[in-house]
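Enquirer: Quick one: this structure, given as structure tokens, is what I'll be asking you about.
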């Protein structure tokens, strides 16, 4: 009986093994399809955002060069740009639900490339041949990112997100990030270390938490739309609150950086720092690179470096435009500190005297350095021989 049953058992095991082998390629193809959908949504979103920002910039330039008394928010061009901006942000938001976080974050280089190309076509910005080389490097880096990006996929359910949130690697990463953030915030607020790297590191640390929560919220919404409701989990609302809070504080620090530094410097340095820290957060929280071979990881890192170099070279030679002002504002007065000169006065302070410009107060200088005075010659007037000065002599003393 045993010998008769063994061939049947072997025949029953063969279809199971064949089915297991056949399911694996289907899963891989489906995961690559999700990667492609997420990457296309991110590229579309960043492209639309670039068009929207340039439309709003064109609206401001057109109003500044005309005698139109309307405000910018009363023009159709500006509202069209705002609509496209919201549409692009929705595209980027939904892309996190399909592709890994480490793949979506570096694709923000598309926004820099598109802004540069649109600026040439519509706003007639001048470009040099080396700028086209910079764009080519950024495009090559983006292609490598999409081709060799991580291929880990996991349904964003409440149980999975909670399990990742309390995992030891992410808790240690969060502890380290909180310590670094508090130290940077102390030096920025108390020691006045308003360097661009310090401010953008604060932005990048907050941004890493923003993208982690964005992927969780977007993924749970997509899973709920597919039929498995996830909106009744408390972790969804915790992630939603964290997403809004970190985005608001991130925008606050970005606004402070834009008042002190050029937008091209903020774009290049911010992209490099934010992308690096966000990829680290995604690899720690969502385990994006688990199961990836060394070749794919190295090629992905090479794509990031090439994209970093391309974005840096694109924004390097772009000078900040100085708008024409037909009046003199108070912050442009000589000797007044403003955000344009980074706190350095054009001329020395008054130092409690009436000195101006390069003239210093000479009240405390010894007599040897005081200027010589001409003697007063009194002439005789009148017929009686009484000498009297024709004017009143004022005595000058150095007493304070």
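Keep in mind that glycine also has a Cβ here, set from the backbone N, Cα and C atoms.
What TrEMBL says about a protein is an automatic prediction, not a curated fact.
Straight from TrEMBL, here's the annotation block:
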- 36-56: transmembrane segment (TRANSMEM)
- 77-97: transmembrane segment (TRANSMEM)
- 103-123: transmembrane segment (TRANSMEM)
- 132-150: transmembrane segment (TRANSMEM)
- 170-188: transmembrane segment (TRANSMEM)
- 195-223: transmembrane segment (TRANSMEM)
- 235-254: transmembrane segment (TRANSMEM)
- 266-287: transmembrane segment (TRANSMEM)
- 293-314: transmembrane segment (TRANSMEM)
- 380-400: region 'Disordered' (REGION)
Enquirer: Checking distant contacts: for the transmembrane segment (293-314), what same-chain residues at least six beyond its ends satisfy Cβ-Cβ under 8 A?
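Expert: Result: 102, 106, 109, 112-113, 116, 130-131, 133-145, 147-150, 267-268, 271-272, 275-276, 279.
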Enquirer: Considering only Cβ pairs within less than 8 angstroms, which of the stretches 36-56, 77-97, 132-150, 235-254, 266-287 has the most against the transmembrane segment (103-123)?
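Expert: Result: 36-56.
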Enquirer: Which sequence-distant residues neighbour the transmembrane segment (132-150)? Criterion: at least 6 residues beyond either end, Cβ under 8 Å.
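Expert: Same-chain residues near the transmembrane segment (132-150) but 6 or more away: 35-36, 39, 99-100, 102-103, 106-107, 109-110, 112-113, 116-117, 288-289, 292, 296, 299-300, 302-311, 313-314, 316.
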Enquirer: What else in the chain is close to the transmembrane segment (266-287), if you only count residues 6 or more beyond its ends and a Cβ gap under 8 Å?
Expert: 100-102, 105-106, 108-109, 112, 152, 154, 164-165, 169-170, 173, 177, 196-197, 200-201, 203-205, 207-209, 211-212, 215, 254, 257-258, 304, 308, 311-312, 314-316
